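S.K.: Pasting a structure here, questions to come.
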Amino acid sequence: MLTPMVAGGVVFPGLFLLSKNTLQRLPQLRWEEADAVIVSARLVSSVQAIMASTAGYIVSTSCKHIIDDQHWLSSAYTQFAVPYFIYDIYAMFLCHWHKHQVKGHGGDDGVARAPGSTWAIARGYLHKEFLMVLHHAAMVLVCFPLSVVWRQGKGDFFLGCMLMAEVSTPFVCLGKILIQYKQQHTLLHKVNGALMLLSFLCCRVLLFPYLYWAYGRHAGLPLLAVPLAIPAHVNLGAALLLAPQLYWFFLICRGACRLFWPRSRPPRACQAQD
């Protein structure tokens, strides 16, 4: 178990440092540290998402029996990804820190700051990114032990499908980068926004009804009968995982309304959401 986790602990922070130093030191680029940190963090998140969704696709398509079939990638990638969630909590804090400094809240030299300012930035970070930090902590402290111990080798198909939820992450990351650099008016941003909304809907929101449907097909049950046929704690876990996805999807829809229908004449649906 330690080998994949050690590998993950090297790969993700190492890729971040490599990207950051490259963006800062290449003569053709010479980016500021804040820009290099923010883009590098998004790059690592995108790479992890591509790896996770690829692993998930391989696992889910390889498991013909959705309960008993196993694939070595299901446990190996789960262990490999654990350090990513720990790293990403710190990477998100670095992004928040540098955005705070750019806005002029830090000292002029970037080092000297008023007493308590670091704690104030940390509190601001936790307030702004509380749901994401909670999500990452739950992945490490709850989902990882459950996937390794509680499953006992069962349900690799479902785990593979859950990994494919990361398909939407590269679009989310690119959207944040484009917004950071004031590129909301570009065609790329609009195309990326549409792909982000579609991939998030299919791979994160509709994923849960699909998993219930897949189990129902396996057990010979109609979709609506599945929640009553499986243990209550499974339904509770699915609801807890789905809840933040619905909230983030609402935010994406609200952003899409503002992108495709500017404030001058927003449709009624967007006005209701706002």
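Glycine residues also receive a Cβ, built from the backbone N, Cα and C atoms like all the rest.
Since we're looking at a predicted model, the values are computed, not measured.
Under the heading domain 'TLC', TrEMBL lists 34-261. TrEMBL lists 130-151, 157-179, 191-212, 232-253 with the feature transmembrane segment.
In terms of burial and nearby residues, how do these features look in this structure?
M.R.: Long-range contacts of the transmembrane segment (130-151) within its own chain (CB-CB distance under 8 A, at least 6 residues past either end) are made by residues 1, 75, 78-79, 82, 85-86, 88-89, 92, 159, 244, 247.
Cβ atoms under 8 Å from those of the transmembrane segment (191-212) belong to residues 53, 158, 161-162, 164-168, 171-172, 174-175, 178, 223, 226-227, 238, 241-242, 245-246, 248-249, 252-253, 255-256, 259-260 of the same chain, restricted to positions at least 6 beyond its ends.
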